[in-house]
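As structure tokens, the structure follows; a few thoughts come after it.
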Amino acid sequence: MNIKFVVVGKLKEKYFKQGIAEYAKRLSRFCKFSIVEVPDEKAPENLSQAEMDRVMAEEGERILAKIKDREYVYALAILGKERSSEAFAKEIKDLTTYGHSDITFVIGGSLGLTPAVLKRADTQISFGKFTLPHQLMRLVLTEQVYRAFMINEGSPYHK
């Protein structure tokens, strides 16, 4: 099984890098885990709607270029469906049972994801109505993917 994150921007904070590295190490016994970073589009403060649309379109094209046809894609979106950790674990298990060995999660930049990226996604997932920095979301998502594997294994990690 392959789990891939396609994310906008680089991770700068050492503490996020360390947390993700720890969960990536733990995930290595269950899957091949990778993170593909696409450059964020530089944009000035106080963007007009047209400038926001341009920035999102550029980032969206970069994201879509990193997704293969065979990949099952989750887009992280505030308007996506919320799931419990148990329901998410069952989804991952069901996807593998039904032949989806390549699962990709997309985390957009500060302006979100374009309609084209959301359309390409097989499903949209939300971690609630909070707005979180995409760097933090990367760590939270990595932990939740690890938790899903632990739930499916029957491990006491998920209490």
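Backbone N, Cα and C define each Cβ position, glycine as well.
Model, not experiment: these values are computed from the prediction.
Residues annotated as S-adenosyl-L-methionine binding site in Swiss-Prot, with sequence analysis given as evidence: Leu76, Gly108.
Cβ neighbours of Leu76 (S-adenosyl-L-methionine binding site) (same chain, under 8 Å, six or more residues apart in sequence): Phe105, Val106, Ile107, Gly108, Leu113, Gln124, Ile125, Ser126, Phe127, Met137, Leu141. For Gly108 (S-adenosyl-L-methionine binding site), the count of additional Cβ atoms within 10 Å of its Cβ stands at 25 [all protein chains shown].
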